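To start, the structure itself, in structure tokens.
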Amino acid sequence: MGCVQCKDKEAAKLTEERDGSLNQSSGYRYGTDPTPQHYPSFGVTSIPNYNNFHAAGGQGLTVFGGVNSSSHTGTLRTRGGTGVTLFVALYDYEARTEDDLSFHKGEKFQILNSSEGDWWEARSLTTGETGYIPSNYVAPVDSIQAEEWYFGKLGRKDAERQLLSFGNPRGTFLIRESETTKGAYSLSIRDWDDMKGDHVKHYKIRKLDNGGYYITTRAQFETLQQLVQHYSERAAGLCCRLVVPCHKGMPRLTDLSVKTKDVWEIPRESLQLIKRLGNGQFGEVWMGTWNGNTKVAIKTLKPGTMSPESFLEEAQIMKKLKHDKLVQLYAVVSEEPIYIVTEYMNKGSLLDFLKDGEGRALKLPNLVDMAAQVAAGMAYIERMNYIHRDLRSANILVGNGLICKIADFGLARLIEDNEYTARQGAKFPIKWTAPEAALYGRFTIKSDVWSFGILLTELVTKGRVPYPGMNNREVLEQVERGYRMPCPQDCPISLHELMIHCWKKDPEERPTFEYLQGFLEDYFTATEPQYQPGENL
């Protein structure tokens, strides 16, 4: 980005891997989006012909892990006789700028340049037009990435969330990369029985040395497509036959356009404020549009809330944080009044959702799952050596399907209001803040863990203010003396014990977010095997 104030040394802390994965990936469960593509970078003169790649066994294997039904349908022959891999659109896309292409699902492309990462220059074989397309909207023709049922790098818990979405029948399925076995896949199926009701079963799909696939060695298949066809016709030992692929939501774009990928200070005139969603201490939140065609959320800050120079430095880091449980920062207007442009979440804040929205009717399994999503996002922040500083339900946003994402990470450090910077002033969130942070300004990822424990009480009480009946001064005094909130009504003892662990006086004794994520994701399934053996397989 073109701002000289950026802190290079701070930005260098962040790992700029395109899929958001990390070198220290133990416990990593979520990619930046549900269907990441890991295709090599290539230019127009050297596109490898993956569709004609052959293994020793003579099968038409692609390097993407699938077997082509035809070694020619996905290849464009050039005058020199070489093959160029064609890509197919998996979704419809409406162009946002004059630089990108509109296209429909099923449209085929020749890729001209993939050096821009998330945006590829391509030529449509339907219209002949050339422009940029989002790379996670396409896949190589005839590859498994182009199949409706293939979800790529999707974690077990997110697979369950998608399969258990309202309206999916028994037998809804998807195939994803195995989290535990490199090179293998997992088949996840929505099932139902009298005892458990709706639930998901997972089966490991293993690869043969010669490139085939199997769930049981007695039924082996050359391709994943053949495996799916076989189990679509009969259960053959699975919990039920495969009925319909799980619906894929639209992939998330981490930038507004190819141009804002690197230069994301945008003119105020490109934004339209349409509907005010909220009014806070330091500004307002609006639903709006960018360029008249892209729905976004716009946070407008009151002049004097923070220094534009400091904000730009922090935004440089925030822009690099990319995870599907974090609200994506798209762009900024850095002159006062500062505008922060992010992805739009249509259900609003978790606090309002619990108090006045659909959240009032949620049962414990849904509430624990929402907590697990927040923990997953915070585990990513933890791995990236970042700190939120203001973790509470008001700063969690909710979307369709009870999807939760963390917002406003890092901004609290920049606020210059005296009623906030005093840490015990009227605007400071004392009831969510760890004592070492409130008293001495020692904000760390462990003070975020304390705040997460408070957020858990907000979830199980449907948005009740913490420490009911106590003012900020009383809370600070009582917590210092060792007081901790008692177990809320209808809250399981084991969940309250987790809160107590988050509120340990010694920050180092508090759990990691990686631990919290695992604990909450497995809260109701800890006694079950992760993978089903299958019956009579």
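Yeah, the Cβs are placed from backbone N, Cα and C, and that goes for glycine too.
Small disclaimer: the values here were computed from a predicted structure and weren't measured.
Here the candidates are Tyr30, Tyr132, Tyr531, and Swiss-Prot annotates Tyr531 as phosphotyrosine. You'll find the Cα of Asp390 (active site, proton acceptor) roughly 17 Å from the Cα of Asn279 (ATP binding site). Taking CA atoms as the reference points, Leu277 (ATP binding site) and Tyr185 (phosphotyrosine) are 42 Å apart.
Within the set of binding-site residues Asn279, Gly283, Val285, the entry lying nearest in space to Tyr185 (phosphotyrosine) is Val285 (CA atoms).
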